[in-house]
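Novice: Here it is, the structure, as structure tokens.
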Amino acid sequence: MSLIRMSSPHVYKANSTANVMRLVTLAMLPGVLAMTVFFGWGTLIQIVWASLLALGFEAAMLKLRKRPLGFYLGDFSAVVTAALIAVSLPPLAPWWLTGVGVFVAIVIAKHLYGGLGQNPFNPAMVAYALLLISFPVEMTRWNAPFVLIDGASVASFMDTLGAIFGSVEPAFYDQFTGATPLDELRHRGGLTTEEVWRQSAVLAEGIGAWHAVSAAWLMGGIFLLYRKVITWHAPIAMLATLALLSSMFFGYDPDNYADPLFHMTTGATMLAAFFIITDPVSSATSNRGRLVFGAGIGLLVFIIRTWGNYPDGFAFAVLLMNLAAPFIDLYTQPRSYGHTRANKGRGGNA
Amino acid sequence: MGKVFAFHGGIHPPENKKQSTREPIGQLPLPKRLYVPLQQHIGMAASPIVEVGQTVLKGQLIAEPVGRISAALHAPTSGRVLSIGPHPVPHASGLDSDCICIESDGEDRWVEHQGIEDYAAMERDDLIEHIRQCGIAGMGGAGFPTDVKLHLGDDHIVNTLIINAAECEPYITADDMLMRERADQIIGGIRILHHLIKPSHVIIGIEDNKAHAIHTLEKALKGCELNIDIQVVPTKYPSGGERQLIKLLTDIEVPSGKIPADIGIVCQNVGTMSAVYRAVHFGEPLISRVVTVTGDAVARPQNFEALIGTPFADLLDAANLYEDRLYRLVMGGPMMGVTVEHDQIPVIKTTNCIIAASREEMPPAAPEQPCIRCGMCEQVCPAELLPQQLYWFAKGREFDKAKHHNLFDCIECGACAYVCPSSIPLVQYYRFAKSEIRTEEAEQRKADHARQRFEARQARLEREKAEKEARRKARAEEAAKAQKARKAPEASASGSPELDLNALKTAAAVARTKLKKAQKALDAARESGEGDLSALEAALASAQTSADKAQADLDKAQSGSAAPAGNDGPDIKQLKTAAAVARTKLKKARDALKNAETKGLDGLDKLRATVQELETRADEADKAYQQASGANTQDSAGSEASEAAPVDLKALKQQVSIMRTKLKKSEAALADLEGEERAQAEQALETLRQRHAEADRAFKAAEQAQLDKAAAQGVDLKKLKVDAAMARAAVTKLERSLDKTEEAEARASLESELAAARRKAEELNETLKQHETA
Ligand code: SF4
Ligand code: SF4
């Protein structure tokens with residue numbers, strides 16, 4: 001009799017990278033739904049378009065790098081990246097903008113660095129940052145929530161498709177697009193926060209839409225936490241830092257600084273907290289490391305939002321902290337069982 | 001019941017325990033052949049004491065332990081030794097190893113054996129030896145010989161005995177069933193261990209999925225006077241890991257690289273307890289154990305009482321194996337067990353479970369995907385490591401970093417690999433890295449060894465050269481002295497020069513100087529209250545030891561060389577110096593003590609002890625000197641009478657002068673002594689005075705004799721004059737340097753030199769005068 005020889009363990013949890021990625025996609029559903037409700041078909045169209053592109057680029061790269069196609073495509077990670085890019089872009093962004101973003105994310109930020117698990121930067125954020133720098137006009141042309149649009153109300157699916165794929169008059173944009181609350185607050189001139197709130201329809205009425213979308217992302221995040229796909233460390237550290245800083249400044253000078261709730265619910269805060277900064281590959285690895293990582297992002301975002309030139313600083317904050325992640329790992333190595341101290345700061349990182 | 005603490009991480013794999021607990025522990029038909037591996041654990045393999053063809057009885061010793069970590073082996077049944085040689089054994093390496101094969105005669109006849117009636121009345125060591133002779137070894141994990149753990153009590157204080165009944169691995173129920181059916185034996189075993197290592201507390205750690213076993217244990221414990229607690233811990237793999245269980249039960253972590261005994265804890269498995277019980281009460285060696293036979297490929301999963309050496313095939317038969325379903329055969333649990341390729345592999349002392357798994361049950365591992373750094377491995381690692389970092393390091397052969405990330409604290413529990421979504425065989429990577437590092441280190445050790453040998457050889461060559469040089473010098477000196485002796489026969493009375501004495505003296509002097517320096521530094525530090533006192537004290541202590549050693553060597557050498565020359569009294573000089581030095585040291589120490597006392601510094605006791613020791617040493621030196629000087633005086637007297645024996649005038653004179661110095665010093669010292677010490681010192685002074693007078697008399701007599709002799713010789717007057725002038729100059733110079741020197745030792749040696757110079761000058765003067773007048 002001859003049987004197979006294998007090293008322990010002999011059983012595994014039914015758990016796979018594809019599974020993890022599927023769960024992440026599933027958790028994005030509420031957010032995507034909310035965005036569709038409030039901003040139209042654009043988001044959905046972008047997600048499908050970006051996913052197709054991502055799979056195409058992924059397949060091409062795998063072929064170039066001579067890797068088994070089915071095996072790696074099956075891990076679903078390209079789709080997650082694509083979806084993240086899609087929900088970060090303005091829903092009516094032109095098709096080529098999404099295309100450039102996905103190309104940068106999959107080909108440059110992921111595969112040129114060695115593929116899944118090897119990329120030091122979050123691919124979606126690399127793409128977003130690059131687009132923001134290169135195409136500021138397109139990137140900030142965010143369509144207004146429907147509650148703000150008179151008469152015409154919802155743009156039809158075909159109109160949206162047409163807008164994205166470039167067969168629609170610029171007037172279309174004028175009808176539908178507007179500033180985001182963050183933009184509004186940034187370009188307020190000499191007005192105090194309160195005056196802006198009173199004057200701006202985007203803020204006064206449109207904020208409800210943003211609240212709803214944020215709540216949806218939060219739901220997805222809680223689902224991920226519940227399913228143990230992510231740990232609480234980075235999101236909570238990030239949100240807490242942001243809340244703390246904004247409360248401090250708001251408390252000190254409510255005329256010039258936005259309140260904490262505003263910071264929590266506008267821009268990409270919730271999306272980033274649970275879906276972007278939790279990207280395991282490019283973040284810090286230990287629990288304590290993730291606390292530091294998240295707090296760092298919270299701090300940077302607050303700084304960029306408050307004093308920087310870009311409306312929302314997540315892409316830059318995440319990229320900067322990606323850069324710092326190896327060092328954070330180095331200094332947050334946990335204390336192992338039976339050791340009195342952690343071996344911090346020596347050795348090195350992979 | 002105490003508190004249960006938590007350990008980091010852990011997983012909840014499907015338990016799969018129910019299948020095998022439906023039936024009671026079953027008995028197996030006697031196997032036809034039994035294969036008893038000589039090595040079943042780390043340490044040394046046992047050495048067979050039976051021969052092929054020999055008949056053996058059940059329980060008869062068939063292999064003896066070799067060395068400390070080794071376990072005896074016994075025949076599991078009666079029969080004939082068929083062979084002793086390689087046979088497949090259950091080991092991760094899959095290699096064959098030596099086994100004693102016994103063909104059973106079907107009678108299962110016991111060798112004569114006997115329990116110990118009253119083990120409490122037995123010598124502790126004898127009882128442990130009995131356990132060793134019964135081949136008892138840990139039956140839970142590594143199969144470590146139990147007697148070794150019991151002896152640990154000799155240099156470790158054990159306050160907690162932990163009985164590991166957690167059995168956290170899925171599938172395994174051997175301990176569970178044992179507890180259900182033989183709780184009394186387990187408690188009996190615990191009693192014996194309690195008697196042997198006298199812990200203040202015994203904790204039985206058991207997972208909460210064994211309600212039945214907990215119940216029977218509690219029943220068995222009723223009325224037990226010992227401090228035994230049953231502690232129920234939540235079911236979580238690997239709570240039965242020794243270190244994890246300790247953390248769970250005591251909240252103490254076993255320091256990395258240490259064993260539990262180092263923190264006063266000894267862990268034993270329940271199976272071992274029952275084995276100890278049977279060994280002590282019935283004299284039965286460890287020849288059988290409970291084995292769980294389970295898995296989808298057997299029809300009737302069950303626990304069996306199996307003889308050590310029973311081939312797996314027999315067990316699988318008993319449980320009705322479906323051959324066609326069998327895909328993987330695992331010995332141990334699914335998390336840490338090893339696969340075996342062969343069903344002729346025998347049960348050993350650590351075989352707690354055999355899983356005959358079907359392909360659906362334990363499918364081949366999914367292909368490895370890239371690590372997505374999800375950190376799930378980290379969340380479950382009970383050793384609180386960063387498994388994914390370790391994986392990157394192992395993969396990239398960055399072993400230093402892996403070590404730095406505490407690779408060697410990994411217990412290979414497999415929890416990380418269990419959860420890894422990318423199906424990375426993490427544990428394999430760690431095993432690979434560990435073995436690579438071990439190989440590297442072994443090579444490094446070899447290299448170090450070679451280097452050390454080379455250096456040792458180099459040092460030896462140099463030492464030999466130095467010794468040769470020293471001998472050459474010594475010979476030259478000898479020759480010079482001999483020449484001098486021919487010129488002035490009376491001066492040669494000091495006998496043969498001591499070869500090593502000079503070197504020793506130098507060494508002693510150097511050591512003393514060092515000691516002095518250390519003392520000074522310490523004093524200075526104490527005065528200023530700065531600096532690292534403890535470090536200085538340590539330095540002082542070491543200087544003191546080396547000084548003492550040097551002095552002791554010197555003394556030994558001197559007494560050795562003094563013995564043959566004793567009649568001529570040549571060593572008096574050294575003895576005297578030694579005595580003087582000892583006294584000086586004593587005084588110095590006393591001063592320090594007084595100083596310390598007045599200032600209330602710490603380390604007084606140490607100083608006092610030093611003073612006392614110095615006192616004895618000074619007394620000894622004095623005594624030695626007295627004896628020698630007494631003999632010498634007699635000698636001188638004798639020589640005076642006979643005029644035939646040569647007299648060491650020089651030595652005598654020096655003696656007298658040293659005595660004078662000492663007298664003066666003692667007088668001075670007397671001034672700052674008080675009370676009883678003063679009385680003692682006065683007495684000593686009196687003795688000194690007397691001795692001085694005696695020595696003086698002896699010297700004068702001898703001198704007289706010599707002068708007479710010299711008068712008879714012809715002398716070169718001119719040369720004498722020059723010599724005398726030079727001698728006088730030398731005296732002045734020495735006097736001057738003496739004035740400048742403060743250190744007692746240096747002074748002592750200077751003084752002796754000065755005395756010699758004075759004597760020489762005087763002699764020359766005398767001779768000169770005589771000749772001039774003549
Ligand atoms: S569980 Fe696997 S994929 Fe996740 S970090 Fe650990 S090794 Fe990487
Ligand atoms: S096998 Fe090692 S690294 Fe993995 S969980 Fe167990 S102790 Fe931690």
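Backbone N, Cα and C define each Cβ position, glycine as well.
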Novice: Need one residue: from B:Cys374, B:Cys381, the one TrEMBL lists with B:Cys410, B:Cys413, B:Cys416 for [4Fe-4S] cluster 2.
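Specialist: [4Fe-4S] cluster 2 site check in TrEMBL: besides B:Cys410, B:Cys413, B:Cys416, the record includes B:Cys381 out of B:Cys374, B:Cys381.
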Novice: According to TrEMBL, B:Cys371, B:Cys374, B:Cys377 bind [4Fe-4S] cluster 1; so which of B:Cys353, B:Cys420 is the extra one listed there?
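Specialist: Matched candidate out of B:Cys353, B:Cys420, per TrEMBL for [4Fe-4S] cluster 1 with B:Cys371, B:Cys374, B:Cys377: B:Cys420.
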Novice: Restricting to the same chain and to sequence separations of six or more, state which residues have a Cβ under 8 Å from that of B:Cys374 ([4Fe-4S] cluster 1 binding site).
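Specialist: The list for B:Cys374 ([4Fe-4S] cluster 1 binding site) reads B:Pro421, given in order along the sequence.
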Novice: Anything from the binding-site residues B:Cys371, B:Cys381, B:Cys410, B:Cys413 with its Cβ under 6 A from ligand 1? List those in sequence order.
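Specialist: Cβ under 6 Å from ligand 1: B:Cys371.
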Novice: Across the domain '4Fe-4S ferredoxin-type' (B:361-391), what is the average pLDDT of the model, as a whole number?
Specialist: 86
Novice: Pop the Cα-Cα gap between B:Cys410 ([4Fe-4S] cluster 2 binding site) and B:Cys420 ([4Fe-4S] cluster 1 binding site) into the table, whole Å please.
Specialist: 16
Novice: Non-local Cβ contacts of B:Cys416 ([4Fe-4S] cluster 2 binding site) (under 8 Å, 6 or more apart, same chain)?
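Specialist: When sequence neighbours closer than 6 are ignored, B:Cys416 ([4Fe-4S] cluster 2 binding site) has B:Cys377, B:Glu378, B:Val380, B:Cys381, B:Pro387, B:Leu426, B:Val427 within Cβ distance under 8 Å.
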Novice: Measuring Cβ to any atom of ligand 2 with a strict under-6 Å cutoff, which of the binding-site residues B:Cys371, B:Cys374, B:Cys420 qualify?
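Specialist: Once distances to ligand 2 are taken from each Cβ, none falls under 6 Å.
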Novice: Are any of the binding-site residues B:Cys374, B:Cys377, B:Cys381, B:Cys410, B:Cys416 near chain A, where near means a Cβ under 8 Å from a Cβ there, and if so which?
Specialist: B:Cys374
Novice: Apart from B:Cys381, B:Cys410, B:Cys413, B:Cys416, which residues in this chain have a Cβ no more than 8 Å from the mean position of the Cβ atoms of those residues at the [4Fe-4S] cluster 2 site?
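Specialist: Here the non-site neighbours turn out to be B:Gly9, B:Cys377, B:Val380, B:Pro382, B:Ala383, B:Leu385, B:Pro387, B:Ile411, B:Glu412, B:Gly414, B:Ala415, B:Leu426, B:Val427, B:Tyr430.
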Novice: Sorted by position, what residues of the same chain at least six away from B:Cys410 ([4Fe-4S] cluster 2 binding site) have a C-beta under 8 A from it?
Specialist: B:Ala383, B:Leu385, B:Pro387, B:Leu390, B:Tyr430, B:Lys434
Novice: Can you count the other CB atoms that lie within 10 A of the CB of B:Cys413 ([4Fe-4S] cluster 2 binding site)?
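Specialist: Taking all protein chains shown, B:Cys413 ([4Fe-4S] cluster 2 binding site) has 27 Cβ neighbours within 10 Å.
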Novice: Count the Cβ atoms, other than its own, that fall within 10 Å of the Cβ of B:Cys381 ([4Fe-4S] cluster 2 binding site), considering every protein chain shown.
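Specialist: 28, counting other Cβ atoms within 10 Å of B:Cys381 ([4Fe-4S] cluster 2 binding site).
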